[in-house]
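The domain 'EamA' annotation in TrEMBL covers 3-61, 76-213. If you look up TrEMBL, you'll see 14-35, 47-65, 77-99, 111-131, 143-162, 169-190, 196-215 marked as transmembrane segment.
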Amino acid sequence: MGGNGFVVIAEQHIPSSIAAIIISTVPLWMIVIGWMMKIQTKPNKSTLIGTVLGFVGVAILMHPSHQENLHFDTGGLLFTLLAAILWSLGSIYSQKAILPSSTMLSTAMQMLTGGAVLVIVGTLTGEWYHLNPAAFSSRSLMALLYLIFVGSLLGFSAYVWLLKNVSPYLASTYAFVNPIVALFLGYFFADEVMSIKSLIATVLIISAVIMITLFKAKGRSKR
């Protein structure tokens, strides 16, 4: 709930580009929280440099072109930052938590629990009154199906598996990769422009992921 739920709330008040930049701090919070909780070893220099490099790449990629059109809502910013921290905290905690050995079962338990809590919260806050099925378009329904099957069933299941088998630093690099995926999907399927700025950011992000991946050994969990 705290991760995705807070992001949904925040994106009603701040631009999605700013939300993406804040969410890309997840690897940084992974390092800080894991180290403070003594669940992770102290990250090496390559991991730190790679993490900062990835954050810079995302910031360049998602930086809005028209500053004057931005409206920064303090509450929205805080909700997004809290979402990144809570997501990182939950991911780190799962390294030591007693969970089912089955990745799919573990994923289902987490998603069903989080979904149930959000349904209750949404009901109490009157979200159902804003639901208008007549306004659903085929495009929005396709996007919903994509989020269900690709983003949730496939993507989140892969993330849960990664948390069990690799360093959380490595698993958290999804926060750097997601904007690149969105960039290329937009280029190939939505006729969006690929700028020089985007290409530079892509190189930085890929370099960051490579650095964290190649030097992940020293950042593995203490078993």
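Sequential numbering from 1, following the chain as shown.
For all residues, glycine too, the Cβ spot is worked out from N, Cα and C.
In TrEMBL, annotation is done automatically, which means it is predicted and not curated.
If you look at the transmembrane segment (14-35) against the transmembrane segment (111-131), you find fewer than three C-beta pairs under 8 angstroms, all six or more positions apart, and that falls short of contact. Per-class residue totals from DSSP over the domain 'EamA' (3-61), listed helix then strand then coil: 43 helix, 1 strand, 15 coil.
Each residue in the domain 'EamA' (76-213) gets a DSSP state, and the totals come to 113 helix, 0 strand, 25 coil. Beyond its flanks by at least six residues, the transmembrane segment (47-65) meets 15, 17-18, 20-21, 24-25, 27-28, 31, 169, 173, 175-176, 179-180, 183, 197-198, 200-205, 207-212, 215-216, 218-219 of its own chain at Cβ-Cβ distances under 8 Å. Taking Cβ pairs closer than 8 Å, the transmembrane segment (111-131) reaches residues 1, 4-5, 152, 156 in its own chain, all 6 or more past its ends.
Regional average pLDDT for the domain 'EamA' (76-213) in the model is 85.
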